[in-house]
Amino acid sequence: MTEQQPDKEKRLGITWHDLTVKGIGKDAAFHENVASQFNIPSRVKESRAKPLLKTIVDNSHGCVKPGEMLLVLGRPGAGCTSLLKVLANRRLGYTKVTGEVWYGSMTADEAKQYRGQIVMNTEEELFFPTLTVQQTIDFATRMKVPHHLPTNLTNPEEFQKTNRDFLLRAMGIEHTGDTRVGNEFVRGVSGGERKRVSIIETMATRGSVFCWDNSTRGLDASTALEYVRCMRSMTDVLGLSSIVTLYQAGNGIYDLFDKVLVLDEGKQTFYGPMHQAKPFMEEMGFLYTDGANIADYLTSVTVPTERQVRPDMENRFPRNANELRSHYEKTQLKRTMALEYNYPNSPQAAEATKEFKEAVHLEKHPGLPAGSPLTVSFYTQVKSAIIRQYQLLWSDKATFLIPQCLNFVQALISGSLFYNAPHDSSGLAFKSGSLFFAVLLNALLSMSEVTGSFAARPVLAKHRGFALYHPAAYCFAQIAADIPLIAMQVTLFALPVYWMTGLKPTGEAFLTYWIITISVTMCMTALFRAIGAAFSSFDAAIKVTGFLMSALIMYTGFLIPKSRMHPWLGWIFWINPLAYGYEAVLSNEFHGQLIPCVNNNLVPNGPGYNNSEFQACAGIRGAPMGASVITGDQYLQGLSYSHAHVWRNFAIVWVWWALFVILTVYFTSNWSQVSGNSGYLVVPREKANKTMHTAVDEEVGSGPDSHDSRNRSGISPIGDKQETSTDGPSKIDSQLIRNTSVFTWKGLTYTVKTPSGDRVLLDHVQGWVKPGMLGALMGSSGAGKTTLLDVLAQRKTEGIIKGSILVDGRDLPVSFQRSAGYCEQLDVHEPLATVREALEFSALLRQSRDTSVENKLKYVDTIIDLLEMHDIENTLIGTTAAGLSVEQRKRLTIGVELVSKPSILIFLDEPTSGLDGQAAFNIVRFLRKLADVGQAVLVTIHQPSASLFAQFDTLLLLAKGGKTVYFGNVGVNGATVNEYFGRNGAPCPQNTNPAEHMIDVVSGSKDWNEVWLASPEYTAMTQELDHLIRDAASKPPATLDDGHEFATPIWTQLKLVTHRNNTSLWRNTNYINNKLMLHITSGLLNGFSFWKIGNTVADLQMHLFTIFNFIFVAPGVIAQLQPLFLERRDIYEAREKKSKMYHWSAFATGLIVSELPYLVVCAVVYYMTWYYTVGFPSGSDKAGAVFFVVLMYEFIYTGIGQAIAAYTPNAIFAVLINPLIIAILVFFCGVYVPYAQIQAVWRYWLYYLDPFNYLMGSLLIFTTFDAPVHCEKEEFAVFNTPDGQTCGEYLAEYMQGLGSRTNLVNPSATRDCKVCQFRTGGDYLYTLNLKDYYYGWRDAGIVALFAISSYAKLRTKASKKAES
């Protein structure tokens, strides 16, 4: 550390005085549903109500000089996080901040340019989960290499590696370098190790003032202590100012701080030296229990159910925050501490600030602007961001490679579809379609940028707070990564398609095509990236994306020729990059070509009509009157295109690209981690009458922090002494289910494969849990605690498991996974369900099918009583920012498992992680209560206080590598464990928490696994285990297996899951509104773009393309519905599938059925905005038939979208797959290539399997079949007859044969014969293989069949079972 000091020291210090922080006062808010959002009077009334301002931090003051550490303590909701955010100069989101904050001698405004030196580590762990630990830390340390290096280091790379290795070693996670960071859905390092990665990333900023918000969450006691010791050392050596808020801080941690500041309801009740805090509280009459955590004691004094008061002070002690503050304000200590507030005006502060500025200047690259808070050069920022961009791509190989492979397959299919397109008029549609698709598909693939933008945003906002790099560096890195990737993507597509289609066979033409396609793809990627950056919510961004994509496709020039665009929307063409690209590739292809007219485009043709002098082109744009051959340039001119525009358009596309990049940089630069008040309950509008106390309670907790608030639900603090009375079993206790089974595991080994070989995560672990036993599973971070729980609960799907896991001495029953409750570390719930709904859902699905519904619901009431959740039972689960708090969510997680009446045992993984001491004690108190009435409970726990640890009966202690170091009784206040370790050379010092002591001991160099295996306790434990297994096996099983994998029949599952999804969608107004808005806007766009189509030959194409455009409502809506589907699937796979709640078919059916009512509404709004606008037949028979098909299509594309999502690992992957699937369906529907011209390899099977074929067929028949056709002047084939014959005589044979569907308008003329290609729409449809009117109803029926069958099986995995 000393080697890393710069010549000038960065000793800054921070002082604040009269600091008050206010935010919008909101403890509960109503959540609208689909119907209530239209209650305009109510909404207007609420919007006019002036929002109440709530004081979050009230008149705080303090000073942390260089080299000092301040511990900020307070219950959740006290304002600790808000205080730290404001001290870290992060004020965005707060309504009002008053008072002074000084950094050295700088004001808060002056300090803004030193953003990277005043940093905050938040409680959230925001990372790219697929990157490894080393890649994550490499990036952070690269961005903070000083320009002037220490004398002992020669280059930036050496400094970066030295810094990285030091930080990894200091946090004890150097062994995880090649492991993914992971998150709740991506497997990676353990929770404690991930928290240490977060700490290292913050330390890598090499700042001067550090604010740490609950940064020991998820760390075991030993690692937490080591981390604070490390922070203490760095603070001392480097002269840092460290401000820390912690929950469940042990006394060893507490003693490392210089000062302590206690907040309660935002009021500062104590600020002073650490050693004076406890005597100060004792002096006011609050009793301290020997061995208790002093930090918890300091925050408990305002909690009536937790504090203990000296008898002689019962009538005089301060009862609330105001009285406590008032008492503190009168003390000499307050006056002494106030002397520090002049520090900013002192010579020391001025000198320190001057040195700080010089040191930062020396660190900063000279090429950066003077006011920039960054450290390394812009080139280094971009270079490092490019490396990370490729690491991100390569770390998720499936999402990167599979779409590329599918893209190539798509190219082969496309090439085969357009294979060897003729170089005459019959090939014009082929080539135009192929060129349009080349431009379109690559643009559609770019839509994934919107999803990717929102996935990356939280990490980028965090890095901006750390001043690691300029947002422009990230944007340019993406561009640099785009170029080779897009070049590869386009090349994989262009090579097969171009040469298989038989486009112009010259190198120059191919290179032009390739360059134009790359340019358009780059431009569209930049466009969608800009859209993603511009919006704060994904729903809004995807709504705009869907509409914009429809508009751009429609106005490319392929669906609507340039000359037929209506003026009110034709301007879209001129701002459309796709239009410029399409004109360029089309002009590149047809320039200089000679195109003979053939088949239907040559009138007359066939036997006896071979003289071109008496033939003419028909239906070909740009064809001169009477000509039988057309040049490519004439064809282009007919489309209002010109070859001279190719390179002009190329330049215009790149100008658009530059504009989109500038917009992306601008919007990305404005991303930030919003501070401000959050954390309030959300009440569904339909439950308003049941929860009025929640919404209007004036006394609801005052802490709108990012943490939970002890009172924000309007409930009294849990832990009422009456509840914990042991005077006899309560009514609740008597209603709780009791376990009778013995659960054992013996010789359990779990091995996984890693790049470096097999890795043993559990090594011959054994133990048991009996009814009435509360067992603790402990160990350092990464010791295998969660892994053991996963293996015991049968949740592992990979790796090799050996050993035995038995219930009552027998193999696990079929019903084990639903008979054992498992509360995972992460609280995964349906966010739009209420607490009661979540509990009832679990009870109804997981309790035995022999239990009546009434009794199941009564048991839910029992659990709500037990967990004291009455006041929040009708509030939405939501998120921690808007919904249940961390502790309330944890209670709900436990409740969801309890209501299932687990008949074997309950597993809990880190139930107290992230909670304050009081909340943690309440959770363990509940578990103790459960064990006391006969439940078997096994809990992993990280940082138990002495009083918490004393609640457990037994302990299984693991060391690194999943090795057992102790299994047995805890003893009274840990006496048995202490005796064991004392006897083996590690006695527990007096007044030391035994839990912290033993984890500290087993984390050392001594092999405690060997000590355990040689101990008499191990021998006795093995004998007891064998006895338990034999004894249980000799008796009838205590828990009878009903033989059912699921507790309820499939019909019940279907009803309950569908009901939950219906309720969820009813409340999901964003999703429903966006879906409806997309249909309304798309319908209007389609309708007004094809306004009142006429009856010319060209209008027949317009009929076709307006219907074809209707298909393109699907991509936008699918992109919107898939993330919702994947969120639900993640909930299902993370918890509900593992606990055997219900079958996948119930999951899929529930999602499908819940969508149906909204799909009907969507069909109605699209139909009403489109059908009559384009001028389709108004007769009820045809209009009704079209509506039926439109409705069926809504069902089809929803099924397709959900099926794609069901088989893809994530939302970005799904967005990449969508265009490929939709493109294949579009290809073979008979529009791009008519049936007769589809290659035989596809024609006889894929054409008939394509639902879009029948969709297009039915809609075309009903709208176009009976329409008369009237050719415009330029649409007639005009030619002369030989030897003075009349037109009728000359064409007699032709009109009987190939021209039977054409219309000769002047049969008696002898020259200038005028032939119209078609007489009715039916003649045109005949060329599309739609030969009769009944085809319409045939195809409509087949569309309905596809709608029913378009839903696919949800992917699922089997769990691993132990090998004996």
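Note that Cβ sites are derived from N, Cα and C of the backbone, with glycine treated the same way.
Note that this is a predicted model, so its numbers are computed, not measured.
The feature ATP binding site is assigned by Swiss-Prot to GLY779, SER780, SER781, GLY782, ALA783, GLY784, LYS785, THR786. The Cβ neighbour count for LYS785 (ATP binding site), using a 10 Å radius over every protein chain in view, is 29.
The domain 'ABC transporter 2' annotation in Swiss-Prot covers 737-985, and the record cites sequence analysis as its basis.
The secondary structure of ASN152 (N-linked glycosylation site), as reduced to three states from DSSP, is coil rather than helix or strand. Under the heading N-linked glycosylation site, Swiss-Prot lists ASN152 (among others), citing sequence analysis as support.
According to Swiss-Prot, the feature N-linked glycosylation site maps to ASN214 (among others), an assignment based on sequence analysis. DSSP assigns ASN214 (N-linked glycosylation site) to coil, not to a helix or a strand.
According to Swiss-Prot, the feature N-linked glycosylation site maps to ASN610 (among others), an assignment based on sequence analysis. Sequence-distant neighbours of ASN610 (N-linked glycosylation site): no residue of the same chain at least 6 apart has a C-beta under 8 Å from its C-beta.
A 10 Å cutoff on Cβ-Cβ distances gives ASN689 (N-linked glycosylation site) a total of 7 other Cβ atoms nearby, all chains included. In three-state terms derived from DSSP, ASN689 (N-linked glycosylation site) belongs to a helical segment. Taken from Swiss-Prot, the feature N-linked glycosylation site applies to ASN689 (among others).
The N-linked glycosylation site feature in Swiss-Prot is assigned to ASN711 (among others); the stated evidence is sequence analysis.
Sequence annotations record features per position, and here Swiss-Prot assigns N-linked glycosylation site to ASN739 (among others).
The region 'Disordered' annotation in Swiss-Prot covers 697-732.
Remote same-chain partners of the transmembrane segment (435-455), defined as residues 6 or more beyond its termini with a Cβ less than 8 Å from a stretch Cβ, comprise 403, 407, 410, 414, 486, 489-490, 493-494, 497, 503, 513, 517, 520-521, 524-525, 527-529, 531-533, 538, 541-542, 545, 549, 552-553, 556, 558, 578, 581-582, 585-586, 589, 1115, 1119, 1123, 1211-1212, 1215-1216, 1218-1220, 1222-1223, 1227, 1232. Annotation source Swiss-Prot lists transmembrane segment at 435-455 (among others).
What Swiss-Prot records for 483-503 (among others) is transmembrane segment. Same-chain residues lying 6+ beyond the ends of the transmembrane segment (483-503) with a Cβ under 8 Å from its Cβ atoms: 393, 404, 407-408, 410-412, 414-416, 418-421, 423, 427, 430-431, 434-435, 437-438, 441-442, 445, 509-510, 513-514, 517-518, 521-522, 525, 589.
The transmembrane segment annotation in Swiss-Prot covers 508-528 (among others) and is backed by sequence analysis.
Counting only same-chain residues 6+ beyond the ends of the transmembrane segment (540-560), those with a CB under 8 A from a CB of the stretch are 432-433, 436, 439-440, 443-444, 447, 450, 453-454, 528, 531-532, 534, 569-570, 572-573, 576-579, 582-583, 639, 641, 1074, 1077-1078, 1081-1082, 1085-1086, 1089-1090, 1102, 1105, 1108-1109, 1112-1113, 1115-1117, 1119-1120. Annotated transmembrane segment per Swiss-Prot: 540-560 (among others), in sequence order, evidence recorded as sequence analysis.
Marked as transmembrane segment by Swiss-Prot on the basis of sequence analysis: 567-587 (among others).
The feature transmembrane segment is assigned by Swiss-Prot to 650-670 (among others).
Summarising the annotation, Swiss-Prot assigns transmembrane segment to 1076-1094 (among others) and lists sequence analysis as the type of evidence. Long-range contacts of the transmembrane segment (1076-1094) within its own chain (CB-CB distance under 8 A, at least 6 residues past either end) are made by residues 543, 546-547, 550-551, 554-555, 560, 565-566, 568-569, 1102-1103, 1105-1106, 1109-1110, 1112-1113, 1116-1117, 1120, 1158, 1161-1162, 1165-1175, 1270.
Within the chain carrying the transmembrane segment (650-670), a Cβ under 8 angstroms from the stretch's Cβ atoms is held by residues 460, 470-472, 474-475, 479, 515-516, 519-520, 522-523, 526-527, 529-530, 533-534, 577, 580-581, 584, all 6 or more beyond its ends. GLY779 (ATP binding site) has a Cβ environment of 27 other Cβ atoms inside 10 Å.
Using a cut-off of 8 Å between Cβ atoms, the transmembrane segment (567-587) and the transmembrane segment (508-528) share at least three residue pairs, counting only pairs 6 or more apart in sequence. Here the domain 'ABC transporter 2' (737-985) has a mean pLDDT of 86 out of 100. Put simply, of the glycosylation sites ASN152, ASN214, ASN689, the one whose Cα is nearest the Cα of GLY779 (ATP binding site) is ASN214. For THR786 (ATP binding site), the same-chain residues 6+ apart in sequence whose C-beta sits under 8 angstroms from its C-beta are SER190, GLY191, GLN825, ASP909, GLU910, THR940. Looking at which of 508-528, 1105-1125, 1146-1166, 1185-1205 has the most CB pairs under 8 Å to the transmembrane segment (1211-1231), the answer is the stretch 1105-1125. GLY784 (ATP binding site) sits 47 Å from ASN689 (N-linked glycosylation site), taking the Cα positions as reference.
Per Cα geometry, ASN214 is the residue among the glycosylation sites ASN152, ASN214, ASN689 nearest to SER781 (ATP binding site). The local packing around GLY782 (ATP binding site), expressed as other Cβ atoms within 10 Å of its Cβ over all shown chains, amounts to 26.
Its own atom aside, the Cβ of ASN214 (N-linked glycosylation site) has 26 Cβ atoms within 10 angstroms in the protein chains shown. The CA atom of ASN689 (N-linked glycosylation site) is located 47 Å away from the CA atom of GLY782 (ATP binding site).
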